[in-house]
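Visitor: Quick one: the structure is below, questions incoming.
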């Protein structure tokens with residue numbers, strides 16, 4: 001078991017680039033539609049809720065509500081972009097398209113494929129999150145210098161959610177099961193993590209739950225940066241996101257290897 005699992009790990013530090021490049025070249029054919037699709041939901045939240053509720057709510061945590069909301073939408077866009085890329089694009093490459101099967105006939109291992117898929121999903125998250133951050137800057141909700149601070153956090157957020165979604169991909173029998181992950185995990189997390197309103201407005205039990213959610217850790221790093229404020233517990237938040245990125249990666253390797261060997 002241990003020897004077989006070791007053989008499925010990444011063969012070296014660069015093989016994954018071939019998988020990333022393959023996905024990138026395929027994506028360039030639908031890049032515009034893909035980018036617009038990733039931006040639609042966060043933009044609706046940002047300008048719909050930001051403008052509508054902003055007029056009624058006023059200031060939240062010493063910031064205008066649209067500025068408060070913008071940071072949450074940056075993290076949310078990274079979450080959704082990496083998740084959807086991993087479940088809705090990776091799943092067919094593994095199954096009906098049999099792309100993974102073809103790649104496994106080369107010198108690449110299962111680990112190389114999974115790592116390449118995760119880095120590609122992280123790239124998609126980085127583009128989506130950065131685009132929303134730039135929109136927030138243009139709209140006057142944040143400063144240009146703040147974007148530089150949040151870029152690494154956007155990437156780490158994308159990697160964490162891509163790793164989590166890879167577990168879902170490994171377990172799901174078909175596309176129909178992805179809706180459970182979206183409605184039972186992603187959507188509640190959006191409202192529990194402080195993206196739309198402060199976590200402090202939640203009952204204490206839900207505040208404790210929010211403290212372990214990856215999106216909450218991401219927002220707690222991104223929001224202070226975009227609002228030009230000092231962030232607290234930086235090491236804790238980065239460490240939590242790293243755990244969400246690394247542990248699910250190895251767990252998904254076990255699950256995917258078991259699935260492909262059936």
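Cβ coordinates are placed from backbone N, Cα and C, and glycine is handled just like the others.
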Visitor: Write down the single range among 104-124, 125-145 that appears in Swiss-Prot as transmembrane segment.
Guide: 125-145
Visitor: Taking 9-29, 177-197 as the choices, which stretch does Swiss-Prot tie to transmembrane segment?
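Guide: Within the set 9-29, 177-197, Swiss-Prot attaches transmembrane segment to 177-197.
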Visitor: Can you find at least 3 Cβ pairs under 8 Å between the transmembrane segment (236-256) and the transmembrane segment (67-87), where each pair is 6 or more residues apart in sequence?
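Guide: In this chain the transmembrane segment (236-256) does not contact the transmembrane segment (67-87) - fewer than 3 Cβ pairs sit under 8 Å.
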Visitor: Going along the chain, which residues at least six beyond the ends of the transmembrane segment (177-197) come within the CB cut-off of under 8 Å?
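Guide: Residues packing against the transmembrane segment (177-197) from afar: 45, 49, 60, 69, 72-73, 75-76, 79-80, 83, 87-88, 91, 165, 168, 171, 206, 209-210, 213-216, 218-220, 223.
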Visitor: Cβ under 8 Å, sequence separation of at least 6 from the ends of the transmembrane segment (67-87): give me the contacting residues as numbers and ranges.
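Guide: Here the qualifying positions are 38-39, 41-42, 45-46, 49-50, 54, 60-61, 117-118, 120-122, 124-129, 131-133, 136, 139, 141-142, 150, 153-154, 157-159, 161-162, 164-166, 168-169, 172, 178, 181, 186, 189-190, 193-196, 214-215, 218-219, 222-223, 225-227.
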